[in-house]
Amino acid sequence: MVALMDKIAQLFRNKQYSDLIQLIDKQLHAKNEPEALIFLYAIQGEISFKQKDWIQAFAAYEKAVAESKQKGLPTQVYAQIVQRQMIILLRLQMLDTAFGLFSENQSVSVDNVQVLAQLALLYLMCERYSEAEKLLSSIVESSTSNTITLSKQFKEDIGPFKELFGVLDTYDTFLATILNNLAICNSKLGNHTLAFDQFQQALDIIKDPEKITRPPLSPITVLFDNCVSTVDEDKEKALKVEHHMLTINESKENQEDDTVLSLLRDGCTLIPSSTLGTHLPLIIELHSTICYNIGKLELTLGNLDRSVNHFKKSIEYQPSFARYVALGLVYRDMRNFYDAAEMLTKAVDSCVGISNLCLGEVVYNLGILVSEELKMPYKSLQFFDEATVLFIRGEFSAGAILSRIMKANSLTTITTATAVSSDWEFIMAFLNTLYLDLCAFSKDQGFNVEAAFTGTNAISFNLPITEPQEKESPKSDKIASEKPLVESNPGRSRTPSSMNDVYMLSAENLSFSLLESSFAQKETITSRLFPTFQAETKRYLAILYTNLGLIYYRIGIPTYYKQARRCFEVAIWFDNDCVFAINYLSVLLLKENSKTLAIEGLLKCTRLFPEYYEPFYNLGNILKADEENKKALQYYSRAIELNPRFLDGYLARGVLYAELHRFETAYLDFSKCIELDPDNRHAFCNYIHMKQILGIFHNDTLDMRKISKIIDDYIHEYLTVQNAINKGVVLPSHPLPPIMPYHCYLYRLSSSQLRFICQRYSEQNVNWVKQNIDMMSTPLLDLSIHQRPMPPSIGLINSVSSSSQLQLSMLPLNQSAADSMVPLAMLTPGPTLCTAIGFQSIKSVIRDSQHITHGPIFSYDRALITLARSKHSSKCPISYIDIVNLKSPLRLGVLCDDINSIPIGCILESWLRNIDPKVASLSIYSTVASDKSALRTSLEAHCSNFIDFTNYKYQNNPFLCAQRINGDGICIMISMCQHNCGLEGRILAMRPAPIQISYWTHGGTTNSNYLDYILADQYCIPPGYAHLYSEHVITMPGCFICPSHSMHYSNAILLEEHADILKVTVEEVRSLIQDSKPDIDVNHHSAAGENILSLDGSDATSSSVDSGIGSRTHSEAPIGGGDKDEGAHSSKILELELELAEIAKMKGETKNGVSTNSASEGRDELLMNDRILITGDNVFFQVQPIRNGRLVGGRDRSMIKKMEPLLKAIYPLQRIASEAAVPASMEKSENNSDLTSHRVCLELPLYRKNIRALYGIPANCFLFCTFNQVYKFDMGTLGIIAALLRSVPNAYYALLKFPPASQLHIEAFFRHKAPDILDRVIFLSMLPMKVEHIRRYLAVDVFVDTLKCNGSTIVLDALWSGVPVVGFVGEYILSRKTLSFLSVLECKDLICASQGEAVLLCTRLAVDSGYYFSVRKRILKNRSNLFNISRWCDNFVLTMMLAYKNWIFGGKPTSFSTERVIANVKSQGFSWPLKSTGAQ
C-alpha cells in the first residue's frame, strides 16, 4: 500500500495525469482500505480541479468526504477538501449549496476552527463583511486561547496527503492569515485604524523572512521593446478582420467565467490554504500578500507615498502581475509616468495565468500612458496592436475597436510630425475603415447609424444644432450669468475628468490580494471595459464615436471637420449627455461662427458634469475673446482646479495674466507649463518672455540657445511639411512659430530666423483670407462716391489709366482655391481712378504687387519730368508742382492697435493738428476699444473720420473692417500695428488701400507681400541694411519718428531749471534755445493750444512759435505774478483757487453771471485748457490754474475727492529747501469760516536738488538712469550698471519699476553678483502723468540706453529734457532708433559700438564736467532738428504724395529718399511748394 501511494504521489508530482487517472481507475475497481480510497478520491478530485472539470472534481471530493466518515481525516486535510468544494460551487454559481457545506449555528471550537475559517472566507466573497468579521473575530479569540492544542493539530502527520496539498499551514501562518482576512473586513466596514493594527499583528506573528536578492528593473527603453510576446499570425489575423466581427478561434485556456468573477470583485482575501508551491517558502508569500494589502489600504486612504513603499516591499518579497499593476497605477496617479510605464511593462512580462480580457486592458492602459503622457506615440503602436489581439482572443470586439481607434490617434500624431505622403494615405484609409467597422458593429448591436442619419441634418443636444448662422456675434451674457465654481454631481460616484480617463484602470480596480496560487488571483485587478460595455452599451458606443471624431478634428484639415462633426453628432445620438461629444461639437460650432449654440452646448457640459475641465477652458476662451477677462480667469482657474495637469489651461491663463500686466502670476503659470512639459515650445517661449519682463536673468545664455534651437527645429518641420504639400499631399496647416514677430527681435536670433518667423505670420494672414473670402456676400459699393484724388488733367492720365499695368479684367467668381491671394485693389473704369469692393468678386481685382529687387535708391522724378515735357512744347513748360498737387486732399489712413497708449496717441494727435487738411486728410482706424482717457477723447474729437473697429457694426470682422477702409477711399494705409495674424494682419492682407506702409511700431521687417513700404530714415535703415527688409524703404529727411514733445510739453522744464543744471544764466539758456528757432508755419498750430501741457499757465503754442521751442516770452507773465524783475527774482508763483464746497453744486448752473456749461462742455473736469501738476510720487492730479476768478466747471462730488490728495500733498513741499525760499501754504479764506474756499500757493521752479529730495536721490551724486522697460535689459545692461557704479565713486543708478515686480529680481541679481553696489541702485515708481515723468529728468545726469531694443519715447523724453543719452546700434530699426535721434541732434559721439565702450563714455561724462556740459548744450541747441513737428509733418505729407504719385503713374513700389527726390527736382529748376486745393 505504501509503495502504491508513493507511485501515485510521484506521478502527481510529475503532472503525469493520464497515467495517474488510469492507475486510480484500476485501483478503485480493486478492493482497498477506506484510508486508501479517501486518498484515491482526493487525488482524482485534485486532478479534475486542476483541469477545471468542476462536476467531476466535486463528485470525487464528495466521495472522499463520505469515505472519511468510516475512517477519520486529519483536520487540515478535511479543511482543504471543504475549501475545494466551496470553490467548485462558486464556479457553478451555487451559493446556497456552498453555504450548505457548513452546519448552521455551529459554535467555534478547536476541532472546527479551520473549517469555519473557510465559511468566513465564503462570507467575504459574498461581501457579507459583518458576518465575516464576527466569525473571524471568534476564530482569533478561540485560536489565541487554545494555542497549544491548535499547534499540535497543525503539527499532525497527514501522511500521503502532504504530497497532494503541499506545505500546509503552521499555527502561526494560519493565525496570520485569519488576522489578514479580519483586517480586510474591518477595512471594508470603514474601521481603517483597526485594520492597520490587525495587518501589523499578522506581520508580527510571522517572522521576517530573509530578503531574496533579485535582479534590478530593466531600463524603460528595453522594456518597451520586449513587452508582450504575441504570435505574428495572430497580429495579421487581427489586422485583416473586416468590419466589427473581430473573432478568432483561439484556445480558451485561462478564460474565466466573468459572471462568477463579478461576485468576487472586492472580496479577494487570503485563503487559509496550504496550496503554496513547494519551491517557495510559505512565509515569503504571506509577507508579500500582507504588504500588498496594506498598500491597498493606504491607497484607499489616499496615502500614495506609503502605498508605494508597501507595494515595493510586496514585490521585493514576491513579484507578481497584480502587484506590478498596482504599483504602476499608483505611480501614474503620482504623475511618475516613466516608473508607471516600467511597472506595467513588468506586469505584462509576468502575465502567466492571466485572462486575455484582464491582460488586454492592462496593455491598453500601457499604450495610453506611453502615447498621451510620455509623448511617445511611435512606441505606443505595439501596445495597441497587442491589446487588439488580446481583446480578439477574449471575444471582446468593442475593446478591439477602442484599441484600434487609439492606434489611429497615435498614427495621426506621428504622421503630422513626419508629413510623409504614404503615411497620410494610410492613416486616411485606416480612419475610413475604422468608421465603417464602427458603424457595422453598431448595427450588430441594434443601432443602424447610417439609416438614422439618412435625410437628417444633425443630431441635437437639446439644441437646434443646424440653426443658420447668426448675423451678429452673440455676447457672453449667458456665460457671465453662470457660476463656474459648482459642486460635484452627487449622483455619480466617479466622474471622469477627461475622455482618456473614461475607461482607464484606477485604484478602484484594485482589490485585496489572495495567495499567489489561489483560483481568484486574477480578480485582484478587476476589468473595467467589459462590464461597462455590458451595462452601458450606448454610452460606450458614444465614447467610441467621440474618440474617432476627435481624431478627424485634430488632423486640422477643414475638409475633415464635416466627418468629425458627424461622429460627434452620432455620439450625442447614442448618449444625449455625452459631455465629451457635446464639448468638441461646440468647439466645431465656434469655428462655424455658431457662437450661441456653442455657448449653450458648453454650458450644458458644465451642468451635466461639473468635474469635466475642458468646457470651462473653452468657455474661458470665448470670454477672453469678448474681453470678459475677469470671468475668463475664473473659468480657466476652474479648469485647472479640475485638472491640475492641464497644460493648455495654464498656458491660456498665463497669457491672459500677462495681457493684464500680472506678470508674476503669469510667470508662475508658465513655470508650471514647463514643469508639465519641458518640451512644449509655446510654454517655453512665453516662460522666457516673462523672465525678461521680470528681470530674471539666470541661465540667460542657455535660454537664448534653446530658443534658437526651437526655431531651427520649427523651420525644419515646416519645410518638410511644405515639401509634402508641394507634392500634392493634403496636410493640416502647420502651426505658427512659438514666438511673436515683435518679440523675436529680443532673442538674438539670426536674420534668416527673424525673416522666417515674420513670413509665417504673413502667410497665415494671406491663407486666412483665401479660406474665408468666399464666405462673404457683400454687394459692390457705388463707384461714383469713392473717387481717389487725382492730379489735374494734363494729357497724361488717359494713357496711363488704359495701360496694361492698371487695366484689370474681371475673372469668374468661382475661381479655384489654388489662385493666389487676392487683395482689395483699385478698379480703373475711366480717367478718374475709382475703387469698388465686392467680396464675391474680390478675386477679380488682382494687382501685381510683387516687389522688385532692392537696389540703389531710385529717384523717379526725372521720369516724371520727362513725361511732362514730352507732352508740351518748350515754350510752355509745365511746372512740376502741377504733377504733385491733387484736385482733392490725399486720403491717408492709419490702422492702429495701441492708440490708447501715450506715444502713439500723442503722435497721431500731432498729425491731426499739424497736417493741413486741405493737403491731406487723416482717417484713424482703431482695433482697440476706448479707455475713455482724455487723449483718446481728443483724438476722436479732432479726427473727422475716426473709426472704432470694436464697435458692434464691425464686430472685429476683418472683411467688414476692410470694406470700411476701402469704402472711405483711402489712398495710403499706414500700419502702426505690431505684426500679427489677428485682426490687423488680416485687414492688411486684403489690401483695402492701393499703398500700404509699415511705420515704427513693429521694429523690423514683416516679410510680407501686402506691405509695400517701410518708413525709415538714413540712420535706421541705411542702404547697406535694406536687404534685411522685404518692404521697400522710404527714407525720410531727418528722423523717421515724429516726437510730439514741442506740442504737448512745451516748457515742462523751465529755463531756470536748465540754467541751474548747466551753471549758466537764464539769458544764456534762452539764447542757446532761440539760436535753434525753427521755421514753423503758425497756421498749422492754430488749434493746438488747448492740449499743451504748460507749467506756468501760458499758451505753449505761441511760446514755441514766437520764442523758440521750450522758451517763454516776456509779454506773457505767468499766473500769480509778473515777470518784471526776472534777473533778480527768477521764481514764479502759481496761485490755484479751489472751491471745495461750491464746486459740487455748479453742474449746469451759473455763478456770478458766468455759465459753467460752456467751460466744461465735452471735457474732463480735471483736464481743462491749461494744465499744471505738482512734482512728487504722491501727487498725480491735474488742476486748472486760475487766471481770473474762481475755478469753474466742476460737475459732481467726485471732483472734490480728487482734489483732496492734491491739497494734502502740498505739505511735504514745506520741508524742501532751496536758495530762494520755497514756501508752500494752505491759507484759510478770511471771508469764509466754513472752509469752503482755499488758496494754494506753490513756488516754481523746484530745481534739481528739490526734485531729488522728493524722490529720495542724494543731492550731490552723479545719477545714471535706464528708464526702459526691463524686458529690454540683458546681462550686458546689468554689467554696465555694476561697472559704472564701481568706476564712479559718487554715482547712483536709477531704474524704473517697469514692471514693479522686476525690482525684487534685479535686486536679487545684484545681491548675488555685485552686492557692493546694491545700495546705490535706486528704483523709482512709474508716474501716471507724462509731464511729471519728464520733470523727473531734472534729477538725471546721463541716460544709458539698452542694446537689444532701444528706447523710443523714453529716450525722446530724456533728450527733450536735455539729458545726454548713451546709446548702441544694432541691425534692425528696433535697435537703431537712438542712433537716429542722436545723429539728428549732432551727437553721434554718444553712440557706442560695445558695452565696454559705453562704460568708458559714461565714466568720461561723469568725471569730465566740461565735456558733459558741452554735450547738454549741444542737445538743447539742436533739439529743434528733432522736435520740430511742423517740419516733420510737411516732410511726411510730401513723402506720402511721392509714393502715391508713383502708384498713380503705374510705377511699382520702389525704394526712394524724399530728400534726394526734392534735391533732384530743385536741381532741374523746378519749385517745390505744396499747394492746397484752394490754391489751384
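Quick reminder: no glycine exception, Cβ is built from N, Cα and C everywhere.
Here is what Swiss-Prot records for this protein:
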{"type": "REPEAT", "residues": "113-146", "note": "repeat 'TPR 2'"}
{"type": "REPEAT", "residues": "288-321", "note": "repeat 'TPR 4'"}
{"type": "COMPBIAS", "residues": "468-485", "note": "compositional bias 'Basic and acidic residues'"}
{"type": "COMPBIAS", "residues": "1099-1112", "note": "compositional bias 'Polar residues'"}
{"type": "BINDING", "residues": "GLN1269, LYS1272, HIS1333, ILE1334, ARG1335, ARG1336, GLY1351, SER1352, THR1353, ASP1357", "note": "UDP binding site"}
Let me check the 10 A CB neighbour count of ARG1335 (UDP binding site). How many other CB atoms are there?
26
Name the secondary structure element type, per DSSP in three states, that contains GLY1351 (UDP binding site).
coil
So how far apart do the UDP binders GLN1269, LYS1272, HIS1333, ILE1334, ARG1335, ARG1336, GLY1351, SER1352, THR1353, ASP1357 get, largest Cα to Cα in Å?
23
ARG1335 (UDP binding site): secondary structure state under DSSP, collapsed to three categories:
helix
So how many other Cβ atoms are close to GLN1269 (UDP binding site), meaning within 10 Å of its Cβ?
18
Under 8 Å between C-beta atoms and at least six apart in sequence, can you list the same-chain neighbours of THR1353 (UDP binding site), or say none if there are none?
ILE902, PRO903, PRO1043
Around the Cβ of GLY1351 (UDP binding site), the count of other Cβ atoms that are within 10 Å:
23
Per DSSP, what is the residue count of the repeat 'TPR 4' (288-321) in each of helix, strand and coil?
28 helix, 0 strand, 6 coil
Coarse DSSP state, helix versus strand versus coil, of GLN1269 (UDP binding site):
coil
Check the repeat 'TPR 4' (288-321) for me and report the mean pLDDT.
91
